[in-house]
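A.B. asks: There's a structure below that I have some questions on.
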């Protein structure tokens, strides 16, 4: 038997080689996907690790027992042994010990912690020296941060006490890189506080004080410390172990740790979850490209080998004639084809790995290795075995045909149900896939390859139409005497084997267009989302002492308003509330980036949210504030219910309520309030009469307001009676239940009347230095129409109402839901301090030193985001990586399609040339000799276009573009046609060129055989 | 009138199959060529049809030397090859139609002549069947129908009754 | 055919001689793309064991179909056919395959079609013997012996492409004989050969028949072959029309009592012609009475006994 198989292989060398090459192609295609997924998975893990917060990178175990003495190296303690036992392989352990307490120096004290942490000396620069171990009799050595040294008033070599234990300063340290996970974020290096003048040194006075080993102290109880161990994950760990493994390891450590009584905590699971999610999305996304590649390879094999399969017909018939059992025939067929297929597996592995390596090098953000593992080999085997199955499928019809059919010189045409079964299967699969995809939720399984399935089904159907139409048109042309055209059409349309080839080319064109279109839409979507989510080219998150500090600092750094804008962003405390964006509005149009999805122009917003103020602010300067009030109410009726005076002032340090010590009594009196923050300058927000129970009408006259210093110096009149009496200056905080009036003449004053009632909120008057209700621009999603009022949480977190001055589809930074107000007006209306994130929005043209300018104004720069950076982040996530793979697969598919066309032509060559030579001998003119391959190429172009539109409409909603699946900006419906054509035109040109060359080859061959 | 004068002809570099053959084909006559297999009957017909260039001697048509098959077609020398020379992917009628149109007949006239000739040879029912689906005998008759339909001056028929 | 097809138990002993072949009212109809074709319309044929027979007939007469049925390649639509003791219409396809492997050998038209070109002649014969080799009690000749039988001794290691046309045809014969069949069907073995080649082939066939007693049926259109084989059966329009034995031609009565008119008389007496019939014990005389103006069928079948057929039916 083997002799026969060997003889057959030798006789049909060319076909065996074709099968080998195409099986290698299929195998490589199948192997490339898992290799790429593995490599990209590594890159994704690295990317997530680089973006993770310090708490997500480590798991902490803490000793429950406290030990006396200066914190030292726990390496030889039972705690360390237990940690070593619990630590899973690959985790890096950093041991430490710490103790909290008060450090007292010459110039001041600070609450800090005394810390031993292994490896700290390598991560700092020290003025002086790192602390060394000391023995009995010597003072323990420590090193302190720059700010701590300044606060305590110590230098290198000085002493201070920690928890009443004297220690010696061996060195003053500065961390080399405060963002290193070693520092665990803010645990050891506290973030700096904003202040009137800034500094560039990292850290604050509360930074940790580091020690080395010290001898036991005389007083056992002076310092008690607790040992800690931080177990860090590393990038290498993600390379070598799966996420499920790591999750299990973390669970085990946490469980065993708590069983041993070790406390601790971690956010490691959220990092692991993110990595697992990204990897899962990558694998899902890549399924489309991998499925396409493998399908194309199998189709090409089916097409290429189909013609050559007929060579085996006579042999089959002969063997059946001799009574050889069909079992043996199958064995011979499988044997002949399995040998190339088996050889294809290792070659395919190599090919796939090479392709994946090249692709990974070009597309992955981080370096990643491509290696062989069981999955890759398994997939390569599937690819090769599928190829084998495709070849056997071409033979299947033959292997089960009756003997008589096989012995006929020309094979009978397949009729009836057998001819359409392939179509039926393809259409059913496609329908199932599309339905599954459109039924919503995260696509999985068949739904992931819905575009390919749809393209194949549509391609087969259109190919069938082509064959029928081509046959009809060709026949008509021949009858009409147009021999050249008719022959060209009929050669293809009446050869059933061209149908899968046409379908193949259609799928290639359609999937190329589809993947290009998806990539295009993704690019646009990333750009749009980055613009809307960030808001301005650069957004710097800062710390300021107050909103007015922020405003003033940014205005000082950029007086002309050309490149910087102060912004406060708040979320909303209740789920139904509206997020808020407060901006320094005259810079909005200059700094924020416009976008068509906003549905409004930034210039309009500027105008609407900053109308002219109804009045000027009231400024105060002085540490004491005196308000002269004449109150008239029946003290007896009031009984014990107090009436008090409170004033809200806003300074550079925030907004605060100051209450006068004395209660308000009937009669005229001056009430004094302590406002130390107004020493420099502050602004009056409102004056409240705080009377929870108003037993009977209460009338308060405001007659005078003065500021001054403690020692009575610098008395300044802020508001006279007449100024008080200007009602336009004031706004009632409770306009429904309290009344405002003014008198004139000699006792000119402002009269506030509070009717009897129980009051939950104080009655008072606010300075009308900002319009109320504040005009805002609102998103359509809130439902409040233009001109209506909308309740929201103000920039200080207190609920208030706004007047809708404009409606937008979307707002910068907030997306589809939110409202934008003017920051200065909002600050003037605010009655409480900080709430929300403070940001400075910058244009791309901001000067290089802009951050230093901001720091010079006392702002603390915390972090920075750019539109470009966010957009690049989207490009690094799993969906983008998968899209790139799919694009590569579609491009490779183009080559496979061309190979299929060539293989088909090679198989048809002999028969075609013979036929044309015979016709030439009967008088056919030479110019009528055509290859006829133009028809498949032309049909592929047209069908491909149609099919692209169909699958685009049906399946594009199921393509994942973002890792979190959301975008505040609607995705473009259609891609940029120009870019689309840029990819598809060369493909069609390639097919056309191939067709032309193949036609020339046929014509040349015919010429040679016809002697002319 | 077709003349062969001292013609020697062979295939490629192989030794000559025919040596020093002279034949005169007179108008209106039927010439039967017999011989055992391998004797060179097909070779002689191919040379007459212009498919083979003679190594020695000349083949002339109406006094002019025969250049190649296309030249022979112009001079209306029709050949019915031994293997029928049909295009399997065309129907019987299309095989005739293509040849007739190539010979200069107008398409509608060619359709008429095709139908008539196929009917004459008893292939009226097979006219629209692909040649590859016809039986051996039917294919042979189609080839003969084509040869006759071309109404050539000389009809060369190679083993048409076997 | 009323019985279900089944596998014949494979207890085929090596036949010491050829098998008899009997066809009884064999009918075969098959469909093409454009309708049904009646290939055989009632064939009755008897072949004795060890007989040599030529099967002649024009193309389209149904002789290829008959050979295919006799060769066990397909089941007839109706009628019965016996090869040896086996009734072919009651066999399943597996049974037919077994029969083809052990009892019936077919040599296809075109010598090269009978051999795998990429293995040697001996290997070809070996492969053809595989099905029969599994049968209990079956003795197979070694390939060299079979090649010797057809006059190709010593050519076992050569491939078919290296042989002359006459040698190729004999190699094809050897393939058909590989399993020692009782019936050998040979399709057009001499059409591509010259006189000497033809003689070689006929000599080989005669040798096989003489030495093994194999029943030999040769499909041919060469009259010489028919004459040499002794008996020639003519198939026309799907039925046996005439026979020739030792140079003499006879018309044959079919199973349903019909006779075919000699072909040369069909034009003179077209379908619908009325004959007066006179018969004696030894002969039947037909006198044409009326010739119809329009033609019905053209097979010229005349009824022997019974009413004349009305025209146009």
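Glycine residues also receive a Cβ, built from the backbone N, Cα and C atoms like all the rest.
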A.B. asks: For the feature transmembrane segment as recorded in TrEMBL, pick the matching range from A:417-435, A:436-454, A:531-549, A:550-568.
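C.D. replies: When A:417-435, A:436-454, A:531-549, A:550-568 are checked in TrEMBL, transmembrane segment belongs to A:417-435.
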A.B. asks: Need the matching range: TrEMBL marks transmembrane segment on one of A:244-265, A:266-287, A:288-309, and I'd like to know which.
C.D. replies: A:288-309
A.B. asks: Pick from A:376-396, A:586-606, A:607-627: which range does TrEMBL record as transmembrane segment?
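C.D. replies: Among A:376-396, A:586-606, A:607-627, the range TrEMBL annotates as transmembrane segment is A:376-396.
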A.B. asks: For which of the residue intervals A:180-204, A:205-229, A:455-479 does TrEMBL record transmembrane segment?
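C.D. replies: Matching range for transmembrane segment: A:455-479.
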A.B. asks: So if I exclude everything within five residues of the ends of the transmembrane segment (A:376-396), which remaining residues of that chain have a CB under 8 angstroms from its CBs? That is, six or more out.
C.D. replies: 19, 22-24, 26-31, 33-35, 38, 294, 297-299, 301-302, 305-306, 309, 312, 333-334, 337-338, 341-342, 344-346, 348-349, 352-353
A.B. asks: Determine which residues of the chain contact the transmembrane segment (A:329-356) at the Cβ level, with the cut-off under 8 Å and only residues 6 or more beyond its ends counted.
C.D. replies: 1-2, 4-5, 8-9, 12, 16-17, 19-20, 23-33, 35-36, 39, 312, 316, 319-320, 370, 372, 376-377, 379-381, 383-385, 387-388, 391-392, 395, 399, 892
A.B. asks: Which sequence positions outside the transmembrane segment (A:288-309), separated from its termini by at least 6 residues, show Cβ-Cβ distances below 8 Å to it?
C.D. replies: 12, 14-15, 18-19, 22-23, 25-26, 29-30, 32-33, 383, 386-387, 389-391, 393-395, 398, 448-449, 451-452, 456, 497, 500-501, 503-504, 507-508, 511, 515, 882, 885-890, 892-893, 896-897, 899-900, 903-904, 907-908
A.B. asks: Count the residues of the domain 'ABC3 transporter permease C-terminal' (A:290-393) that DSSP assigns to helix (H, G, I), to strand (E, B) and to coil, and report the three numbers in that order.
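C.D. replies: Going through the domain 'ABC3 transporter permease C-terminal' (A:290-393) residue by residue, I get 90 helix, 0 strand, 14 coil.
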